[in-house]
Amino acid sequence: MSSGGLLLLLGLLTLWAELTPISGHDRPTFCNLAPESGRCRGHLRRIYYNLESNKCEVFFYGGCGGNDNNFSTWDECRHTCVGK
């Protein structure tokens with residue numbers, strides 16, 4: 001196969017991996033956790049995955065502790081937890 005063909009194949013595989021939906025079996029288990037504000041008293045706007053609505057939603061994080069269902073951006077949450 002030519003180098004151009006290999007690059008095309010690599011590009012298609014990368015695109016497929018990005019666009020393939022996340023199933024419940026592929027979703028990290030921490031996505032199923034309820035949002036946890038943690039033990040500190042900050043008021044940071046963060047994003048968590050809501051298993052019931054299958055959407056990323058806002059919660060307020062204290063700044064320390066908590067769990068891994070805690071994202072800085074909508075895109076990070078969607079890419080990690082939301083099935084498309």
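Numbering starts at 1 and runs along the chain as displayed.
Cβ atoms here come from the backbone N, Cα and C positions, even for glycine.
So that you can see what the record holds, here are the features copied from Swiss-Prot:
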type	residues	note
SIGNAL	1-24	signal peptide
DOMAIN	31-81	domain 'BPTI/Kunitz inhibitor'
DISULFID	CYS31-CYS81	disulfide bond
DISULFID	CYS40-CYS64	disulfide bond
DISULFID	CYS56-CYS77	disulfide bond
CARBOHYD	ASN70	N-linked glycosylation site
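Distance between Cα atoms for CYS77 (disulfide bond) and ASN70 (N-linked glycosylation site): 8 Å, as a whole number. Under 8 Å, Cβ to Cβ, and six or more positions away along its own chain, CYS56 (disulfide bond) finds ILE47, TYR48, TYR49, ASN50, PHE71, TRP74, CYS77, ARG78, CYS81, VAL82. In terms of Cα distance, the disulfide-bonded residues that sit within 10 Å of ASN70 (N-linked glycosylation site) are CYS31, chosen from CYS31, CYS40, CYS64. In this structure, the C-alpha atom of CYS40 (disulfide bond) lies 22 angstrom from that of CYS31 (disulfide bond). Here CYS64 (disulfide bond) is positioned 18 angstrom away from CYS31 (disulfide bond), judged by their C-alpha atoms. Neighbour density for CYS40 (disulfide bond): within 10 A of its CB lie 13 other CB atoms from the protein chains shown. The number of other CB atoms found within 10 A of the CB of CYS64 (disulfide bond), across every protein chain shown, is 11.
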